[in-house]
């Protein structure tokens, strides 16, 4: 009968999903084991005793700035931005405050802003630093073709003669000694194409949404990136808080807007060309997490769609490269297949779709360990890199699953190169990291919604499965998880995760600080499922 065929198909899909879940969990746990090894390898007896992974690279001495400032390498700093009113002046201040001889430093504000207030703020700050002797310029285009990659590509002709190019997004805050800590690795190692530093976060406790982001990103920057660097495998440039060798950019083909992850694209092409990269986990750069759910969705769509676009476009180049065969397998199967594709398929496809469906079909079997112990292993191994992160493990897992609709749709868009795959929306920040008080005016482009249809419909489905499991088939083990997950979808669907909503958690601010923009005062609309 049709029902019998349905049961067979559902059972097969569940076993396939469980197998993929095991691969995802194994990949995550393997990263943690490797991290523990590389973090402690300098304590082990033998040839590498006393050496950290970055110690394999020579840290060149810079000239005495008081005697030989003219011998410093020439560095260009590029600040791509678009309508980032709340933070545009802050990044200019941070960069111009960095220690480096004025004559050897050139700051480019690549301002594609259409907002007149933002353009005026940028011009004011550029003029201020010009009058103070800095070589700084605001560069504007007549269109946004290619978005961030397009802006940096067009600016390449104007940095001829500069050895290195540092890149910072507008919400980042590099320290004054940033160049002193990064440039020596490029100066001392001719085969190093770029240096990436570790992100830290200014507002992780602003809401449960920002806390979940912190846990996820801390695992990426503290564990994944570090392990990939230490083991000599590919790790991508994170798009900001790093320095490129200009010659590396040129030899790898330059910035390309063919995907929404121009940073990963360029770093992969550089890797295939034989360039090496250095990740400095002890050199940090502060930045702001998006506290608006609308902005976070747009960011995650870009971050999940872009790798799939790149996978489709770069696969042929990977197989044709001179990399060892096992590294080609690693890039295609582990890096793209499991981490960039499989993870998102598991969160929505298995935990939020197949498990609820199994409640209505008692004939199928879902291994209890796959529903409970695998997520626990993934959550603990991820949260271990955030101080007291274990306290937020449950929130992290529920929120990650609830973001599955956005991420899986982005993955599909990237694989099929749909129209939305080409969408590049700047992640709007509220300026909680700004040194100046907020103006109380909503940054341009910041929106919020009163209802996200996809998450709301999914919450009804998952909650109905939970209730059915309790009262009809007495599946309390699955129903507890489904109840919590359904409530998480409901919170996302009704937008209860913004900083001023039910699950928002404000940090105390001084009484004399100007009021920041409250999302509840913004225009709220209904949005489509995706």
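Residue positions begin at 1 at the first shown residue.
Backbone N, Cα and C atoms are what each Cβ position is placed from, and that goes for glycine too.
Whatever TrEMBL says is automated annotation, not expert-curated.
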Legend entry - Annotated transmembrane segment segment (source TrEMBL; candidates 321-340, 341-360, 421-440): 341-360
Inset, instruction - Select from 478-497, 498-517 the stretch of residues annotated by TrEMBL as transmembrane segment. - result: 478-497
Legend entry - the transmembrane segment (478-497) touching the transmembrane segment (393-416) per 3+ Cβ pairs under 8 Å rule: yes
